[in-house]
Amino acid sequence: MSSNYRSFRKSVPWLILFLETVFIILFYFLFSGYNASISNISYTDFQDVNNMVIFGFGFFLAFLKRYSFSSTGFNLLIIVLGVQCSILMEGLLVLLLREAKEGDLKIITTAVVSMTAVVISSGAVLGKTNPIQLIVMTVVEVIVFQASRWINKRFLQVPDNISMMHVHLFGAYFGLAVSSRFSEPSPRSEKNASTPKSYLLSMLGTLFLWVFWPSFNSVLADADKTKAIYNTYFALAVSAVTAFTLSVLTTMDGKFRMTHVHSAALAGGVTVCYAAESIDYPWIAMILGLLASLITILGSFCLQRCLNPALKIHDASGVHFTFGLPGLLGAVAQVVLLVIKKWTVLPSLGYVVMIYIGAFCLTISVALITGFITGLILNFKLLKIIPVSKYFEDHFYWEFPHLAVGF
């Protein structure tokens, strides 16, 4: 390999070992003698969210025919490193601001939920980043996302559970900004493609995400978890039904297209996350699910053919129309529902509306700016270990015994 690229063996293991050593030392100082309060989150709640992030997103991103090992393997790597980093950030904030300590399960569950932003971002640069770049991106994004949440909670007085639901917006636009600094693959490249088997594996991830999304939206709910589960399920159900309907109507041959169902079936869960526990009637959640699926499928058509080429952004997994646009719709829907519900309280309503609009605008702005800077950092020579010709290739990183000589 060219001398312009660092050795994979001489860089990746040492970076992981260095980070883990730092994490262990910081955990020793921050969590020795740690006496947490009793958590209102059960192990079952944590298990649902953990399964969703690891199994769901791990398989969801495994649609490239030559990159399935890396999609699932690197997903696990960045999650386990990122969760530790996120917990340390929470611990530092508690220590510096002298805030009340939360329950152990709530701390780790919040960290796992926050990792959704990193996994979504990794989807935007899927196949184009090496493990070193992914690890650096994970650490930077976790720190910036926690800082963004802290600003929203501290200065804008956004509730903790609502500020956490910005993970979809933050992850999508951070990932798109990072992706803008990477070279686009050749349109004729066969490696940047899927097979029926790889798409079936990816659809399995969609099913995992679909099943566990009600737990994801309700796990940090303050008031009514049952209502959050109820509304999320109906939004997901309608978005899935709409995905099948629009798929037939928009394809040339009038058949279902797996790419539509793969993305749009989840859109309702993303959109309803902000208002899941405050929606009083299921038909409202159902309307949001329908609109979310509609904006996802139409967005996939418009963004891939018009906006992305103009901006020279290669969105490898379609995170913009799968998570970004439904997240924007959900943020706007939350403000509209708030106005409808509290329109009689006119003096303070305008202030509250501006706070919520400011919160998601701040989140997107921070994500775009820091994502662009992170993309520049990831392109430093020090972090490059593969040339563009090795994009979307598993066997640069993974051992394949069945392809070895003598087998």
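Cβ atoms here come from the backbone N, Cα and C positions, even for glycine.
As annotated by TrEMBL, transmembrane segment applies to 12-31 (among others).
Look at TrEMBL and you will find 28-389 tagged as domain 'Ammonium transporter AmtB-like'.
According to TrEMBL, the feature transmembrane segment maps to 51-67 (among others).
Look at TrEMBL and you will find 74-95 (among others) tagged as transmembrane segment.
The annotation transmembrane segment is assigned in TrEMBL to 107-127 (among others).
Residues or ranges marked as transmembrane segment in TrEMBL: 163-179 (among others).
Counting only same-chain residues 6+ beyond the ends of the transmembrane segment (199-216), those with a CB under 8 A from a CB of the stretch are 45, 48-49, 51-52, 55-63, 68, 113, 116, 228-229, 232-233, 236, 240, 258-259, 261-262, 265-266, 269, 273. Feature annotation from TrEMBL assigns transmembrane segment to 199-216 (among others).
Marked as transmembrane segment by TrEMBL: 228-249 (among others).
The list of residues near the transmembrane segment (283-307) in space but at least 6 beyond its ends in sequence, with Cβ under 8 angstroms from a Cβ of it, reads 230-232, 234-240, 242-243, 246-247, 250, 259-260, 263-265, 267-268, 270-272, 276, 313, 315, 318, 320-322, 325-326, 329-330, 333, 337. Among the features that TrEMBL reports, transmembrane segment is placed at 283-307 (among others).
For 319-340 (among others), the entry in TrEMBL reads transmembrane segment.
Counting only same-chain residues 6+ beyond the ends of the transmembrane segment (352-380), those with a CB under 8 A from a CB of the stretch are 121, 129, 133, 136-137, 140-141, 144, 147-148, 151-152, 156-158, 162-163, 166, 169-182, 328, 331, 334-335, 338-339, 342. The transmembrane segment annotation in TrEMBL covers 352-380 (among others).
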Task = Tell me, roughly as an integer, the mean pLDDT over the domain 'Ammonium transporter AmtB-like' (28-389).
result = 89
Inquiry  = Please identify the stretch among 12-31, 51-67, 107-127, 163-179, 319-340 with the greatest number of Cβ pairs below 8 Å relative to the transmembrane segment (74-95).
reply    = 107-127
Query = Is it true that the transmembrane segment (107-127) and the transmembrane segment (319-340) have 3 or more Cβ pairs under 8 Å, skipping pairs fewer than 6 apart in sequence?
reply = yes
Key: Positions on the same chain near the transmembrane segment (319-340), where near means CB under 8 A and six or more residues out   = 120-121, 123-124, 162, 165-166, 168-169, 171-173, 175-176, 263, 266-268, 270-275, 278-279, 284, 288, 291-292, 295-296, 299-300, 303, 308, 349, 352-353, 356-357, 360
